[in-house]
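I have placed the structure first, in the form of structure tokens, so that the comments after it can refer back to it.
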């Protein structure tokens, strides 16, 4: 889910932190990608014309493998080096959100069954997408595919977004890529969104620069995290009735969640907002400030040449993909990863010193002219 309303709030109050560009603008970059979010996207988006997920002859879902294979090739063809990060065990505090998702999924399954005989294809697809979840088996299949492709992946001990941010902070990669806005709470220098969307959607890539967000909002890290918790995150419920506008106003007025809670608790007659009983906002704050991650210095990322015959065995013989397409994709991978991705030009040039203003130039010219006249007079 991420943080409710954060994307729009940043666009409104910190527009200088936002950039939009095309995939080609990221050439030469290494990027840590939230794999679990990607697989979820692929299971929803990669479908047959009738709306069903891709399957092989045995009826096994293969949408996630198709998406991972072809979107990764697209990144490599644009001289981008991806590293995928998989979720580990979720924090205990996230249990409530996961339970809500399970209930929503079960309700969607019931709705889908109710309209099975009389509903339209569009209705069926809509409810079908709501039932999607990434299984452990699908995660393992994606990891096996990445190994054969020669693309590195990291198993995060906990949240994938936090590990992506750690790799970016530690200089292993340029940016963290995820659709979850709570990624920005873990301090990646840059957050990229829409990176693995299909070309057909024609969505530009969003880049959010963390330091510029804090600077524009005039907040330190802790205050920004408090804002995100107040907006609504996966770790705890928020204060009922508090939307983005009110949350921003309260944080600006009081400076922290502790003071907001104190004010609302001590002044029930001045506000309609009620703090949830035993609200674990402080525990949520600690999870954002000190997430469970592997230190970037301990992670060794290595991109290798793809195992073409291994890909044929796995993707064609076991999963039912077209051999011609897999071989063609493997050749593109081979070409893209051969010898490493080309470095960016901005790494070879230093900034040009700011030119002197015209007044300085004029003074120099006047001085030079005066010296010239004096020399002629002496002759």
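Just so you know, glycine gets a Cβ as well, placed from its N, Cα and C.
34 is the only one of 34, 57, 206, 220 that Swiss-Prot places in the Mg(2+) 1 site (with 87, 159, 161). Binding site for Mg(2+) 2 per Swiss-Prot: 180, 182, plus 234 from the candidate set 140, 226, 234. Cross-referencing 332-340, 341-349 with Swiss-Prot places the feature region 'Interaction with PCNA' at 341-349. Apart from the site residues 34, 87, 159, 161, the chain places the Cβ of 36, 37, 85, 156, 160, 162, 163, 164, 178, 180, 183 no farther than 8 Å from the centroid of the site's Cβ atoms, the recorded Mg(2+) 1 location. Each residue contributes its Cα atom, and for residue 234 (DNA binding site) and residue 159 (Mg(2+) 1 binding site) those atoms are 11 Å apart. Cα-Cα distances to residue 71 (DNA binding site) place none of the binding-site residues 159, 161, 180, 182 within 10 Å. Sequence-distant neighbours of residue 182 (Mg(2+) 2 binding site): residues of the same chain at least 6 apart with a C-beta under 8 Å from its C-beta are 2, 3, 6, 161, 228, 233, 234, 288. Contacts of residue 87 (Mg(2+) 1 binding site) defined by a Cβ separation under 8 A and a same-chain sequence distance of 6+ are given as 35, 36, 156, 158, 159, 160, in order along the sequence.
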